[in-house]
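As written in Swiss-Prot, here are the features:
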type	residues	note
BINDING	Lys20, Ser21, Arg25, Ser154, Ser155, Gln156, Ser181, Asp296, Lys323	3-phosphoshikimate binding site
BINDING	Lys20, Gly85, Arg113, Gln156, Arg327, Arg371, Lys395	phosphoenolpyruvate binding site
ACT_SITE	Asp296	active site, proton acceptor
Amino acid sequence: MIVRIYPSEISGTIKAPQSKSLAIRLIFLSLFTRIHLHNLVLSEDVIDAINSVRALGVEVKNNSEFIPPEKLEIKKKFIKLKGSGTTLRMLIPIVAAIGGEVTIDAEESLRRRPLKRIVEALSNYGISFSSSSLPLTITGKLSSYNIKISGDESSQYISGLIYALHILNGGSIEILPPISSKSYILLTVDLFNRFGSNVKFYGNKIHINPNNLVEFQGEVAGDYGLASFYALSALVSGGRTTIVNLWEPKEYFGDHSIVKILKEMGATSEYLDGKWYVEAKDKYSSIKVNIDDAPDLAMTIAGLAAIAEGTSEITGIERLRIKESDRIESIRKVLGLYGVGSEVKSNSILIFGINKRMLSSPITDCLNDHRVAMMSSALALVNGGVITSAECVSKSNPNYWQDLLSLNAKISIE
């Protein structure tokens, strides 16, 4: 798919894309209780989660209603994923808790991602692995209710272990510092507690005392990280937008912190009663921000930094190298295509903002990374541009291009 973008000014109201992080967690909750998700958007990552719980015995009706099995067991000995890192990393400890043997594989982008920390951890507790990368055969059953794991590679392992210890009727997790993307662990803890469980997270330890979980019927709330590209598009293009279907921002740093970050850079950016109000200003300020706890915000911040006055610095970026693409290099390349300079350091990237009228009109290959396409499309709204392999947005937000059209973006889709 090729998308041609012409100079446009974004305006209007848009519904935030459903949070795939929340959708995947809700789908995995169907291992324990009945879940009915209204109007579920079937992104590639969500489909990976659906196929995973189906392989563990969950009955799935119309890709929206999920009924837990009477007994959890591995129904399929081979689980093939597409590209969902969240699903993969949560699935590994879950199948280890259920016990048995299963082989997991995925597309090349996911095969490149490291699994070292979860393999190291679970190998100490009765689990055998064929390797530390995909394809991966997992054999055995967790022999302990008290798990130690390094927290530097991915928070998704810890989220998966919270599910695993619910399967085992309780236990504890000790996370060896540093703890990366802590906000996503807090999301999992909050979700279980909201459904009736008893999960405590203090310092670097999590204690799980399961209770019967309540059923859920409703729609998946919006995703601040994905919605931020609509905000970025409005700010870059000189427009305004209102984004609805968003939960109130939490106090801890996470994807929702983008509301405050954009405001600190000079934009009108306010949350009120489930709506995020965004309006462009004539100029924006540079910023220094650590995104280790919310790495998915990197490209939105980089996009606005490209046209901000001065030099911005995004730190805590080390794990961006193991996303759908090497996102540090992707940010550098995309900014360079638009004529924006940047400098990569060991754990940070400097972005040298320019006047937006000086932005180029390049052709951008999205590198099979949905966020590359979204960042580039926002910058292209100033002087135009072309996105190739633009179908990559289907990984998280299949409606992205249609949403831009509804916000008055001038684009053609080939």
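The backbone N, Cα and C atoms fix where each Cβ goes, glycine too.
Features recorded in Swiss-Prot, as mapped to the structure shown.
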| residue | record | Cβ neighbours (10 Å) |
| --- | --- | --- |
| Arg25 | 3-phosphoshikimate binding site | 23 |
| Gly85 | phosphoenolpyruvate binding site | 19 |
| Arg113 | phosphoenolpyruvate binding site | 18 |
| Ser155 | 3-phosphoshikimate binding site | 25 |
| Gln156 | phosphoenolpyruvate binding site | 26 |
| Ser181 | 3-phosphoshikimate binding site | 23 |
| Asp296 | active site, proton acceptor | 23 |
| Arg327 | phosphoenolpyruvate binding site | 26 |
| Arg371 | phosphoenolpyruvate binding site | 31 |
| Lys395 | phosphoenolpyruvate binding site | 23 |
DSSP, reduced to three states, assigns Lys20 (3-phosphoshikimate binding site) to helix
C-alpha of Gly85 (phosphoenolpyruvate binding site) to C-alpha of Asp296 (active site, proton acceptor): distance in Å? 13
To the nearest whole angstrom, state the Cα distance for the pair Arg25 (3-phosphoshikimate binding site) and Gln156 (phosphoenolpyruvate binding site). 10
On the Cα atoms of Lys20, Gly85, Arg113, Gln156, Arg327, Arg371, Lys395, which are listed as binding phosphoenolpyruvate, what is the maximum pairwise distance in Å? 19
Round to the nearest Å and give the CA-to-CA distance linking Lys395 (phosphoenolpyruvate binding site) with Lys20 (3-phosphoshikimate binding site). 10
For Arg327 (phosphoenolpyruvate binding site) and Asp296 (active site, proton acceptor), the CA-to-CA distance in whole Å is 10
Cβ-Cβ neighbours of Lys20 (3-phosphoshikimate binding site) (radius 10 Å): 25
Based on DSSP, name the secondary structure state of Ser181 (3-phosphoshikimate binding site): helix, strand or coil. coil
How far is it from Ser181 (3-phosphoshikimate binding site) to Gln156 (phosphoenolpyruvate binding site), counting Cα to Cα, in Å? 9
Cα-Cα separation of Arg113 (phosphoenolpyruvate binding site) and Lys20 (3-phosphoshikimate binding site), in Å? 19
If you measure between the CA atoms of Arg371 (phosphoenolpyruvate binding site) and Asp296 (active site, proton acceptor) and round to the nearest Å, you get 8
